[in-house]
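The structure appears right after this line, and notes come after that.
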2 protein chains.
Amino acid sequence: MQTEKQSRDVFYVSDGTAITCETVGHVVLGQFPFYANEKTFPFVESEEKLTELLKHIEISFQANGIKPLVFFSLVIAEFREKLLQANAHCYDVLESIVQRVKDDIHMEPVPKLQRSRSVSKDTDTYFDRIAAIEYTLAHDDGISLKGLEQADIILLGVSRSGKTPTSLYMAMQFGLRVVNYPYIDDDIRGLKLLPEFEIYRHKLFGLTIAPERLTEIRQNRLAGSEYASTAQCQHELANVEALFRREAIPYINTTSLSVEEISTRVLEKTGLKRRLF
Amino acid sequence: MQTEKQSRDVFYVSDGTAITCETVGHVVLGQFPFYANEKTFPFVESEEKLTELLKHIEISFQANGIKPLVFFSLVIAEFREKLLQANAHCYDVLESIVQRVKDDIHMEPVPKLQRSRSVSKDTDTYFDRIAAIEYTLAHDDGISLKGLEQADIILLGVSRSGKTPTSLYMAMQFGLRVVNYPYIDDDIRGLKLLPEFEIYRHKLFGLTIAPERLTEIRQNRLAGSEYASTAQCQHELANVEALFRREAIPYINTTSLSVEEISTRVLEKTGLKRRLF
């Protein structure tokens, strides 16, 4: 089997944000060994935008001599048809699944413009999500330990173990109220659980990381500092992990995990429910 | 055509985070008029987890008398086959598209466990993303106006017009460094552009919102306050919008938009490139 080329233009096209098309396309492309030159066309809801898109597709085809790939989702039938006539390989990211669900459950789909994440649909859900983000921001990095009764989870760990990005992702993506608290050098020896956390033990969750990785991350931030030294990283991690074990706080190692993977593993281990938006 | 029932169990299943399955499944289900009782099974990489999942599917089928829906992505062939034998309607969210891409471009896919968002793959990208989140946090809500030369975009608007969630989303999802600056009551009259922004005019972008919606949001926060009054909201918005027009700052109205939609529209209007993770 022959490969056509080692690089290709890829378009993500939707009448909504195109985030679903990007998500699917990105994972699909991850299975093929070529470089993808990606471009997103969101909100293709007018003739003008469609014409603009078709022009770009044609330019890509003429310039490269091969068809670009298009991952799309378009509700308007006329737009779909015009797109399908372009010099491109087009993949509807939802259509085949919608058809199969329809056949399986004997229910007619009601296609709608991609407004699944629209505010107007559900104001309460929207407020919940914004409130989760605000709560999490106000409780980032030990800023405040007030209102812990509202927390869904309290993340503990040394500086640079992944607490802040994980907290924000869990708030944004899953609508959770996350507190995170760093163990810093001063209180690392003879580490004890803060009295504030005592009655919320069931919400505590620890993050740890390999000393080599922590050193690498801290060097990236403050090269050559004591803070970023291997000895310091090992020292802090050993003490914090001992605390987690002593106090029976569940914890995971974030070393080779992305923010999405850390968040998902925390949810899995705690049984916290995701709220999907 | 007859509907089977108005509520159904839905499973999202993956050997990775299952975020792609959730994204696709959620949009597909948005087209069908039934209530989905959703449960996610991430990291199905072991016999134990598969067995646990199959047990839950069977319990659902027995309890409800109808097959649950399963949106899945599993690389291990043996696990796929066992899942497909369950009493469920199963939809592989990627397989048909991967097959079609393969046929179209004459290239063999290299299936891999769903680690598309794994850290180890690309440490630079990971650091870029974390750095974007940190930069954005440090420049939230006017906290700091230093280092503006590193900003990808500077969002302006009144309190509660959507700046903070949009900034964090753009940092997390697209790896952008976002500054946001609120116009507060004190400086609202005779509003001028801050001198700090003068040489970064090309980075400025405004958010506005309908006065009624702003009132609703602020009432939700501080009911009965002057801050949340219709008059105050109208006053602030009129002044800020006048500034945007006077200074030729592009802006959008966020009233009926979700965080994802606002972010996508801002990117679209500014031509900023998304970095996908």
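The backbone N, Cα and C atoms fix where each Cβ goes, glycine too.
Note that TrEMBL annotation is computational and uncurated.
According to TrEMBL, the features are:
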BINDING   B:Gly157, B:Val158, B:Ser159, B:Arg160, B:Ser161, B:Gly162, B:Lys163, B:Thr164  ADP binding site
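Considering only the binding-site residues B:Ser159, B:Ser161, B:Thr164, the Cβ with the fewest other Cβ atoms within 10 Å is that of B:Ser159. For the recorded ADP site, residues B:Gly157, B:Val158, B:Ser159, B:Arg160, B:Ser161, B:Gly162, B:Lys163, B:Thr164 set the reference point as the centre of their Cβ atoms, and the other residues of that chain within 8 Å of it by Cβ are B:Asn180, B:Pro182, B:Leu207, B:Ile209. Less than 8 angstroms from a Cβ of chain A: among the binding-site residues B:Gly157, B:Val158, B:Ser159, B:Arg160, B:Lys163, B:Thr164, that describes B:Thr164. Cβ environment of B:Gly162 (ADP binding site): B:Leu207, B:Ile209, B:Thr254, B:Leu257, B:Val259, B:Ile262 lie under 8 Å away, each six or more residues apart in the same chain. Cβ environment of B:Lys163 (ADP binding site): B:Asp141, B:Leu155, B:Leu156, B:Gly157, B:Asn180, B:Tyr181, B:Pro182, B:Leu207 lie under 8 Å away, each six or more residues apart in the same chain. Neighbour density for B:Gly157 (ADP binding site): within 10 A of its CB lie 26 other CB atoms from the protein chains shown. The Cβ of B:Arg160 (ADP binding site) has 23 other Cβ atoms within 10 Å, all protein chains considered. Here the Cβ of B:Val158 (ADP binding site) has 25 other Cβ atoms within 10 Å, regardless of which shown protein chain they belong to.
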